[in-house]
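Per Swiss-Prot, the features are as follows:
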type	residues	note
BINDING	His37, Cys84, His87, Met92	Cu cation binding site
DOMAIN	1-99	domain 'Plastocyanin-like'
Amino acid sequence: IEIKLGGDDGALAFVPGSFTVAAGEKIVFKNNAGFPHNIVFDEDEVPAGVDASKISMSEEDLLNAPGETYAVTLSEKGTYSFYCSPHQGAGMVGKVTVQ
């Protein structure tokens, strides 16, 4: 599944903001608009036993250009919340459910 970082209208959002994948399915986050974005999983909102730092980008690491991607594969079932650290305050947050 491919998730856009930034709406086609320039919105600071993940598109779609909430989605479901199968365990082991690759998720590709793709910069859509050229604003600097990243993907950080919230350590308090991932399934028990999952190390959020191992599936997140570094807070300082950014996808700056349109078309740049970050891929992650989640194997533990459950719900994961994530955000873009530069734009979290603007509501750029998302959620993925792994089945």
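The backbone N, Cα and C atoms fix where each Cβ goes, glycine too.
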Counting other Cβ atoms within 10 Å, pick out the least crowded of the binding-site residues His37, His87.
His87
Among Cys84, Met92, all listed as binding-site residues, which has the most CB atoms within 10 Å of its CB?
Cys84
Quick check: which same-chain residues outside His37, Cys84, His87, Met92 lie with their CB within 8 A of the centre of the Cu cation site CB atoms?
Leu5, Gly6, Leu12, Ala13, Phe14, Phe35, Asn38, Tyr83, Ser85, Pro86, Gln88, Ala90
What does DSSP assign His87 (Cu cation binding site), in three states?
helix
How many helix, strand and coil residues does the domain 'Plastocyanin-like' (1-99) contain under DSSP?
10 helix, 37 strand, 52 coil
